[in-house]
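After the structure tokens below, expect a handful of questions from me.
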Amino acid sequence: MYYPFVRKALFKLDAERAHELTLQQLKRLSGTPLTKLIHQSLPFKPVNCMGLTFKNPLGLAAGLDKNGECIDAFGAMGFGFIEIGTVTPRPQPGNDKPRMFRVVEAEGIINRMGFNNLGVDNLVENVKKAHFDGILGINIGKNKDTPVEQGKEDYLVCMDKIYPYAGYITINISSPNTPGLRSLQYGEALDDLLAAIKTRQSELQARHHKYVPIAVKIAPDLSEEELIQVADSLVRHHIDGVIATNTTLDRELIKGLKYADEAGGLSGRPVQLRSTEIIRRLSAELQGRVPIIGVGGIDSLISAREKIAAGASLVQIYSGFIYKGPPLIKEIVTNL
């Protein structure tokens, strides 16, 4: 496979520049006959989850294609589902650069992007042009300058706009890079947000005559007590799925490595065991009442199997995909 050569060239560039360049090239391919260049024919391995049928259990995690510009290109690679975003109501530039760093020795990535995106209206236009026949998830967040107390309004604005086009919607309350966002994972703030989202979901279901499931994406840095509270809230509010987990603020496993002291969320192999443990504990707590989508450090068939064994119904990749490329998709889908 050509990917090791592509990776070698990309890894000579700054991490964000390489990311931009890759998306530019994939955007050129999307929706053209040239997608054949990256097409992988993979077996059909359907999984029913959240009331939807996924053509295979492997998805692309949110954050790679924030604006939904390369949906068809990623679809051609064989993903069973693709999650685009995080998108916010209004466009925003994100945090100052540099804001993405490869921790190569640990096969990790640190980012403090800060929900840089072109806004929900732009994303909707891109989704309308896509031809992907798998499940499309859309991950939504709040604008940086929206006070946390008013944060739920941002989620509702995004829901209104994406509902007709989404296979499922993910509520991102776990990015460490938007001030105050993670506070929405706790207690009354979480209950208030989830109640508003479920009410809006019912209204939109009546308006559009279709039910779009809601998933909540959580952090790996939750204590045992916090995790129990989150699980309780998810069940009480009849949330359709939970995505575990986002990036970690913990640096224990990369201490002393280059970029280890950079601020932001750490993803990739260093978060693998922690996210699997969260899935295991969450699964024990939820008892099958809310399905789990496992994400965090999956970089092989073995680590994908570990997430499933811990209680995940579906899995997603991001950092592992950066390090291993399309062959990782084939390895996991063919053998899982």
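Cβ coordinates come from backbone N, Cα and C, glycine included.
Copied straight from Swiss-Prot:
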- ALA62, GLY63, LEU64, ASP65, LYS66, THR86, ASN139, ASN172, LYS217, THR245, GLY268, GLY297, TYR318, SER319: FMN binding site (BINDING)
- LYS66, ASN111, ARG112, MET113, GLY114, PHE115, ASN172, ASN177, ASN246, THR247: substrate binding site (BINDING)
- SER175: active site, nucleophile (ACT_SITE)
What whole-number Å value do you get for the CA-CA distance of LEU64 (FMN binding site) and GLY114 (substrate binding site)?
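One finds 13 Å between the Cα atoms of these residues.
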Between ALA62 (FMN binding site) and GLY114 (substrate binding site), how far is it from one CA atom to the other, in Å?
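With the alpha carbons as reference points, the distance is 13 Å.
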Sorry to bug you, but what's the C-alpha spacing from the residue listed as 'active site, nucleophile' to LYS66 (FMN binding site), rounded to the closest Å?
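LYS66 (FMN binding site) to the residue listed as 'active site, nucleophile', Cα-Cα distance: 14 Å.
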Name the one residue among ARG112, GLY114, SER175, ASN246 whose Cα is closest in three-dimensional space to that of TYR318 (FMN binding site); these are the recorded positions.
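With Cα distances computed to TYR318 (FMN binding site), the winner among ARG112, GLY114, SER175, ASN246 is ASN246.
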Excluding LYS66, ASN111, ARG112, MET113, GLY114, PHE115, ASN172, ASN177, ASN246, THR247, which residues of the same chain place their Cβ within 8 Å of the centroid of the Cβ atoms of the recorded substrate site?
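Close Cβ neighbours, site residues excluded: GLY63, THR86, GLY94, SER175, PRO176, THR178, GLY264, GLY265.
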Around LYS217 (FMN binding site), which residues of its chain at least 6 apart sit with Cβ under 8 Å of its Cβ?
ALA62, ASN139, THR170, ILE171, ASN172, ILE173, SER174, VAL242, ILE243, ALA244, THR245, ASN246
According to DSSP, which of helix, strand or coil covers GLY268 (FMN binding site)?
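In the DSSP reduction, GLY268 (FMN binding site) maps to strand.
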Taking the Cα atoms as reference points, how far is SER175 (active site, nucleophile) from GLY268 (FMN binding site) in Å?
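Cα-Cα distance, SER175 (active site, nucleophile) to GLY268 (FMN binding site): 15 Å.
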For the C-alpha pair, I'd like the distance in angstrom between GLY268 (FMN binding site) and GLY114 (substrate binding site), rounded off.
18
Other Cβ atoms within 10 Å is the metric here; tell me which of the binding-site residues GLY114, GLY268 scores highest.
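That would be GLY268, with the highest Cβ count within 10 Å.
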Going by DSSP, is ALA62 (FMN binding site) part of a helix, a strand, or coil?
coil
DSSP secondary structure for ASN139 (FMN binding site), reduced to helix/strand/coil, please.
strand
